[in-house]
Amino acid sequence: MRECISVHIGQAGVQIGNACWELYCLEHGIQPDGHMPSDKTVGGGDDSFSTFFSETGAGKHVPRAVFVDLEPTVVDEVRTGTYRQLFHPEQLITGKEDAANNYARGHYTIGKEIVDVVLDRIRKLADQCTGLQGFLVFHSFGGGTGSGFTSLLMERLSVDYGKKSKLEFSIYPAPQVSTAVVEPYNSILTTHTTLEHSDCAFMVDNEAIYDICRRNLDIERPTYMNLNRLIGQIVSSITASLRFDGALNVDLTEFQTNLVPYPRIHFPLATYAPVISVEKAYHEQLTVAEITNACFEPANQMVKCDPRRGKYMACCMLYRGDVVPKDVNAAIATIKTKRSIQFVDWCPTGFKVGINYQPPTVVPGGDLAKVQRAVCMLSNTTAIAEAWARLDHKFDLMYAKRAFVHWYVGEGMEEGEFAEAREDLAALEKDYEEVGIDSTTELGEDEEY
């Protein structure tokens, strides 16, 4: 089996974890106590979900997941919530004092006290796997635990599980909706530290999700619950091919092979369609062509940036539901001719397709309508460098005055780390710039070969 272990870190990671596991359970017909009614198993015979759930002797299904936070309140909600019986108590790990939005606390002082407990628990989960495929790490960039502890754990996972792939789902600080003043510091420090340890990182920008909820679902004031359920749908689409048998399945390593042209350029942009409210769904027939087209609208992206200003390096379309290859090929052909999609000239073909016959599931009483088919597009585009540029600019404004730096230094960090991290991100922006340059312009340099 190709098992995946999910690691949910900090408040954002844990709350997205709640939304994801709620959805996985609905998709696989697993009850909140972990049991699967026998009538489901007779007809289905689909055991692909064991990539995400392990089964105990008593027939209970337990998520292959760890929830970690440096303070207990958020994880306590899992301990007392609807799904409290789903998880083994040891899978929910909490510290006593939080990281206080401080990367240095998450990474050095508070984080290092708990990291061995977490690794020990992950080791137990890994031992239950016959063929561990890799890790999915959920966290935010802005929080202290999400940034500091994640980067610490990723370093340790690289040491313990060198060849296993590590995918991140990172919550990028929203330009307008900020929860902490020091988010730019934390984001840049964590990106610098995790860059070499992560194989692929899907960024999700809270503000982009807010806008989608407002615009497509008519929710005036979206709560984190609304945001997380939408993010859950996207994560579910990305992982569906690992959990169901389909016509064109996509493996974890396959994502990297197709989406990551260079090790550092590993931040694909995710787009999901259709996001549609129950009222609207009655009146719309969402064809494959329509939802495919919607993926190229910047309004449906998970990160605020404009792909029309960048170039695509690779594009991965994951369909689920009532979709046949013929429709997909037609839709993609139309897009190639009509849309002004620019691919980098060294990567001419660029579309990878996955199809899963399991239609998208929605949480009962949620905001999203139940639809027959949906698509999640993962594209690696140079436009995502805009997101880094925004963060870097904010970092520079604060760092020029050395504002708030003493909090980090007081927790055992050296000021040099800030400069080092900032240089690394400047290099990352430069990498994106160079990747987008046409290769024909470099002919002058090739003469000596």
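Glycine is no exception: its Cβ is also placed from the backbone N, Cα and C atoms.
Keep in mind the model is a prediction, meaning the values are calculated, not measured.
Of all Cβ atoms in the protein chains displayed, 30 besides its own lie within 10 Å of the Cβ of Ser140 (GTP binding site). Annotated GTP binding site per Swiss-Prot: Gln11, Glu71, Ser140, Gly144, Thr145, Thr179, Asn206, Asn228, in sequence order.
Swiss-Prot lists Lys40 with the feature N6-acetyllysine.
According to Swiss-Prot, the feature Mg(2+) binding site maps to Glu71. Under the DSSP three-state reduction, Glu71 (GTP binding site) is assigned to coil, being neither helix nor strand.
All protein chains included, Glu254 (active site) registers 14 other Cβ atoms within 10 Å of its own Cβ. According to DSSP, Glu254 (active site) is assigned to a helical segment. Annotation source Swiss-Prot lists active site at Glu254, citing similarity to another entry.
For Tyr449, the entry in Swiss-Prot reads site 'Involved in polymerization'.
Distance noted between the C-alpha atoms of Asn206 (GTP binding site) and Glu254 (active site) is 27 Å.
Between the CA atoms of Gln11 (GTP binding site) and Glu254 (active site) there is a gap of 30 Å. Residue pairs drawn from Gln11, Glu71, Ser140, Gly144, Thr145, Thr179, Asn206, Asn228, the listed GTP binders, are separated by up to 23 Å at the Cα level. Cα to Cα, Asn228 (GTP binding site) and Glu254 (active site) are separated by 26 Å. DSSP assigns Ser140 (GTP binding site) to a strand segment in the three-state reduction.
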